There are 4 protein chains.
Amino acid sequence: MLTIADKTFHSRLFTGTGKFGALAIMEEALLASGSELVTVALRRVDARAHKNGSEEDQLLKYLRHPRLHLLPNTSGVRNSREAVFAAELAREALGTNWLKLEIHPDPRWLMPDGVETLIAAEELVKRGFVVLPYIHADPVLCKRLEEVGVAAVMPLGSPIGSNKGLKTADFLEIIIAQSRVPVVVDAGIGAPSDAARAMEMGADAVLVNTAIAVSADPVKMAAAFRLAVESGRMAFEARLAPVATEAVASSPLTAFLD
Amino acid sequence: MLTIADKTFHSRLFTGTGKFGALAIMEEALLASGSELVTVALRRVDARAHKNGSEEDQLLKYLRHPRLHLLPNTSGVRNSREAVFAAELAREALGTNWLKLEIHPDPRWLMPDGVETLIAAEELVKRGFVVLPYIHADPVLCKRLEEVGVAAVMPLGSPIGSNKGLKTADFLEIIIAQSRVPVVVDAGIGAPSDAARAMEMGADAVLVNTAIAVSADPVKMAAAFRLAVESGRMAFEARLAPVATEAVASSPLTAFLD
Amino acid sequence: MLTIADKTFHSRLFTGTGKFGALAIMEEALLASGSELVTVALRRVDARAHKNGSEEDQLLKYLRHPRLHLLPNTSGVRNSREAVFAAELAREALGTNWLKLEIHPDPRWLMPDGVETLIAAEELVKRGFVVLPYIHADPVLCKRLEEVGVAAVMPLGSPIGSNKGLKTADFLEIIIAQSRVPVVVDAGIGAPSDAARAMEMGADAVLVNTAIAVSADPVKMAAAFRLAVESGRMAFEARLAPVATEAVASSPLTAFLD
Amino acid sequence: MLTIADKTFHSRLFTGTGKFGALAIMEEALLASGSELVTVALRRVDARAHKNGSEEDQLLKYLRHPRLHLLPNTSGVRNSREAVFAAELAREALGTNWLKLEIHPDPRWLMPDGVETLIAAEELVKRGFVVLPYIHADPVLCKRLEEVGVAAVMPLGSPIGSNKGLKTADFLEIIIAQSRVPVVVDAGIGAPSDAARAMEMGADAVLVNTAIAVSADPVKMAAAFRLAVESGRMAFEARLAPVATEAVASSPLTAFLD
C-alpha cells in the first residue's frame with residue numbers, strides 16, 4: 001500500500017482524464033485501471049460554473065466513484081502566480097486540497113518550469129495544499145521540492161504525450177535512491193512495459209493518461225496497465241536478477257554425450 | 001489462446017527448471033507463473049535411469065501437474081547429430097514428442113548454431129517431433145525453419161542468462177511480421193517489463209527461466225511475470241498509441257487565465 | 001594498418017557505389033573518404049558487355065584510381081548456387097578474386113541467408129576467392145565462416161539502408177572478442193558516430209554506403225566518416241575509460257569555502 | 001567557427017584539467033586536442049597565493065599557450081552566494097571574466113542545482129561576467145538562463161564522470177532546437193562517438209575531461225576526440241540521412257539472374 005499525505009492507495013497506477021473519445025469510455029477505462037487517483041485539468045472543471053450542462057459539466061459526473069479521488073492539475077498556467085491562483089480555484093471548485101502542480105510556459109514542448117514550480121510549491125504548501133509537482137527528472141530539484149514540503153514528486157519519463165517511455169531512467173534511479181517522499185513517474189509512459197519498468201526500478205507509482213486514452217481499446221489498455229503496475233511492483237519486491245555481462249546457461253551445459 | 005501443433009495454451013508464459021535453489025521452490029514458482037509448458041534439460045532427466053533417488057530423479061516428481069506439459073530440451077549438444085540422438089532419448093524417457101531444439105557448440109557464449117539447428121530440425125520433423133528451435137534472432141533462418149516444418153520459432157532476446165532484455169528488438173519485429181508459426185521470445189528476458197514488451201510487439205509467447213529462478217523470491221517473481229505477460233498481450237490486442245516526436249499535452253493547454 | 005588476405009589498407013573505411021545522385025559526385029566522395037576498398041554490385045558491372053556507353057559502363061571509369069580496390073558483391077542473388085555463378089562472372093569481368101558475398105532471398109527486409117552464405121563461402125574459398133561474407137551478427141555463424149576460410153566477416157549493425165546504427169552491438173562484441181579474422185561492420189551505419197563507435201568496440205573496419213550517398217552533401221559526409229573511423233580506431237588503441245555507475249567529479253569537490 | 005561572447009573558436013572541443021596523472025601529460029593532451037578553451041577549477045588556482053611552488057601553482061604554467069583560453073569553474077560551491085564569491089576570486093586570480101558556473105550541493109551525485117544556478121547567473125551577468133552555466137538538460141531552464149543573459153548553456157549528457165554518453169539526447173534535441181545561445185554538451189561524454197553524436201545533433205561544442213584524462217593514453221585519446229568533433233560537425237553540416245523503418249538496399253536488387 002502506498003501512502004501519500006493523508007491518503008492510502010491500493011493501486012499504484014494514477015490516471016488522467018484527457019484525450020478520451022467519450023466520457024463513458026473514460027469512466028469505464030478508469031474503473032478497469034483500478035486507479036484510485038485521477039487527475040483533472042482545472043480548466044475543464046472550472047468551466048462548469050459558466051456552461052451548465054456542457055461537456056465540461058458532465059466530466060465530474062463520470063468521476064463520482066467512491067474509490068476514485070480527484071487530483072486537480074494546473075495545466076495551462078505559465079508561472080507560479082497563475083499556479084497559486086488556479087490552485088485556490090481548484091480547491092474551491094472540487095473540495096480537495098490535493099493538487100498536481102504543473103507549470104509549462106512553452107506551448108510547443110510542454111516542458112515544466114522547475115524554478116516557478118519550486119516557488120509555487122513552497123507557497124501552496126504554506127496554504128495547506130497537498131502538492132504533487134510535475135517536473136523534469138532533475139534530482140536536485142526533487143530534493144529542494146521535498147525540502148519545501150511537497151507530498152510526492154512527479155518527474156517525467158519523457159516528453160509529455162510522446163509515449164517514448166523512460167528516457168530519463170538514469171536520473172530517475174538517482175531520484176528514487178535519494179527521495180524521502182514518494183516518486184511518481186509521470187509523462188511519457190507509452191506502454192505497460194514502460195510502467196512495469198518504472199515500478200521495477202522502485203518508483204512508488206506511475207501516472208498514465210495518453211497511452212490509455214488514445215489506444216484503440218482504452219478499457220482493455222487500462223486493464224493492461226493495471227496488471228503491468230502490479231507486476232512491476234511485485235518484481236521490485238522480489239528483486240530482479242542482475243544483468244550479466246557474460247552468458248550463463250540456465251540448463252546444464254556439460255556436453256550432452258560426454 | 002495460443003495453439004502450437006496439437007496443444008492449446010491459456011498461458012503465454014513458458015518457463016524452465018534450471019538454476020532454482022530448491023525443487024520445492026521451483027514447483028511453487030512454476031505454479032505461481034501459471035505456465036503450462038516447462039522446459040527440462042534432457043540431461044537432468046536422463047540421469048534418472050542411472051541414479052535412482054537422486055536429485056535428478058526427483059525433478060520429474062515436482063513437475064507432475066495436470067496443467068504442466070514438459071518440453072525437453074537438448075541443451076549440451078554440440079551439433080545436429082547429437083541433437084537428434086538426444087531428442088530420441090527424450091522422447092523415450094519422457095513420453096513426449098515435443099522438443100526444444102538447442103545446439104550451442106561454444107561453452108562460453110552459448111550462442112545457438114543456426115546451421116546445425118536447421119539440419120537437425122528438418123530431420124526431427126521427419127521423425128515426428130514437434131520442434132521448437134532456439135535460435136539467433138535471424139529473420140531468414142526463422143523462415144527456413146518454418147519451411148522445414150517447425151512448430152514455432154524461439155529467437156533470443158539477448159545472450160542467454162544475461163537478463164539484458166530485448167536487444168534484438170529490431171529483428172524480432174521483422175520475425176514477428178513475417179512468421180507463419182508462433183514466435184516465442186527466449187533468452188535474455190530479465191524483468192517482467194521485458195516480457196511485457198515482447199508481448200506488446202506481438203510475440204506469441206515468451207520463455208523465462210533465469211530471471212525467475214535466481215530472484216530473491218522466485219514465487220513472487222513468477223507471479224509478476226504472469227501478470228506482465230497477460231498485460232503485454234492485452235496491450236498488443238488493444239494496440240499501443242504511436243510514439244510521437246513532438247509533445248502533445250493530455251490536458252488542455254490554452255493558457256489558464258486567458 | 002589492416003591486412004586482409006594479400007592486401008594492406010591504410011584506411012579502415014570501406015565504401016560502396018550505390019544510391020549516389022551522380023557518378024562524378026560518387027567519385028569525389030570516394031576520394032574524400034580516403035577509402036581503399038569499394039564494393040560494386042556485379043549487376044551494374046556485368047551490364048557493361050551489353051550496353052556499351054551506358055551509365056553502367058561508365059561506373060568503372062569513375063572507380064579507376066590507383067588507391068581504390070574493387071570489391072564486387074553478389075547483391076541480388078538468392079541462394080548459394082547463384083552466388084557462385086555470380087562470383088565467377090565478377091572475377092572474369094573485374095579481374096579480381098575478392099568478393100563480398102551477400103545472399104538475401106527476401107526482397108523486402110534484405111536480411112542475409114546465413115545457411116546459403118556458409119555453403120557458398122566454402123565453395124568459393126575452394127575456388128580461390130578472397131571471400132568477405134555479409135551476414136547477420138551471429139557469433140556462431142561467424143566462427144563457422146572463419147573455419148571454412150573466409151578472409152573477413154561482415155556482420156550487420158542493423159537492417160541494410162536503415163541508418164539505425166549498431167543495434168547488434170551486444171553480439172558484435174562477442175564476434176569481435178572471438179574472431180581470428182578481421183571483423184568489418186556492414187549495414188545500418190547511419191552516422192559518423194556509429195562508425196566511430198564500431199571502431200571503438202574493436203571492429204577492424206566498417207563499410208558505409210547509404211549514409212554517404214544519400215546525404216545532402218556526400219563529399220563532406222565522406223570526409224566526416226573518414227575522420228570518425230580514424231577517431232574510433234585511435235580511441236580503441238588509447239582505450240576508453242570505463243562507464244561508471246556513480247558520478248565522479250573531474251574537478252575537486254571539497255566544498256569551495258571550507 | 002564558433003563565437004561565444006567576445007571570443008571566436010576554431011575548435012568546438014572544450015576540455016578540462018582534472019584527473020590527469022601528470023601535468024606534463026595534461027599539457028600534451030590539451031595541445032593534441034586542438035582545444036582553445038580549457039576549464040580550471042578555481043580551487044586549484046586560488047591555492048596559488050598560499051602554496052607557492054606547489055602542484056597547484058604549477059598548473060597554470062602548463063596552461064600558458066597563446067591559443068588556450070582559461071575558463072575558470074566554480075566546482076565545489078554549494079549555492080548562488082558561494083558561486084558569486086568564487087567567481088569574483090576567479091576573475092581576480094586569472095584575469096578573465098569568463099566563468100563556467102557550476103553549483104552542485106550534493107557530493108554524491110554531483111547533479112547541478114538549477115535554481116541556484118539561475119540566481120547566480122543573473123547576478124554574475126550583471127557584474128560583467130561571461131557566464132556558461134553547467135546544468136541539467138532542462139529545456140525551460142536553458143531558456144530562462146538565456147533570458148538573463150548567459151553566453152552559452154552547458155547541459156549535461158549524463159551524470160558527470162559516468163562516461164555514459166548522451167542519455168539526455170531527447171532533451172538536448174529540444175534545447176538545441178530552441179536555444180538562441182550556443183549549446184555546449186558537458187558531462188558524461190565517454191567516447192569520441194558520443195562527442196560526434198552530440199555534434200551531429202547540432203550542438204555547438206562539447207566539453208570533455210574525464211574521458212581524455214583517465215584513458216590509458218590521454219594524448220592519443222585527445223587527438224581522437226579532436227577528429228570526432230570535427231567529424232560530427234561536418235556531418236551536421238552535410239545533414240545525416242534519415243533513419244528508415246524499412247530496409248532499402250544500397251545495391252540494385254532485381255534478382256541477379258532474372
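Even glycines carry a Cβ here, placed using N, Cα and C.
TrEMBL lists C:ALA187, C:GLY188, C:ASN209, C:THR210 as binding 1-deoxy-D-xylulose 5-phosphate, and of C:GLY161, C:GLY202, C:GLY232 the one it places in that same site is C:GLY161. Rounded to the nearest whole angstrom, the C-alpha distance between C:GLY188 (1-deoxy-D-xylulose 5-phosphate binding site) and C:LYS100 (active site, schiff-base intermediate with DXP) is 17. In the three-state DSSP reading, C:LYS100 (active site, schiff-base intermediate with DXP) counts as strand. The average pLDDT the prediction assigns to the domain 'Thiazole synthase ThiG' (C:3-252) is 91.
Other C-beta atoms found within 10 angstroms of the C-beta of C:ASN209 (1-deoxy-D-xylulose 5-phosphate binding site) number 24, with every protein chain shown included. Among the record's 1-deoxy-D-xylulose 5-phosphate binders, C:GLY161, C:ALA187, C:GLY188, C:ASN209, C:THR210, no two C-alpha atoms are more than 9 Å apart, and one pair sits at exactly that spread.
Under a cutoff of 8 A between CB atoms, and with a sequence separation of 6+ in the same chain, the neighbours of C:THR210 (1-deoxy-D-xylulose 5-phosphate binding site) are C:GLY16, C:GLY18, C:LYS19, C:ILE160, C:GLY161, C:ASN163, C:GLY190.
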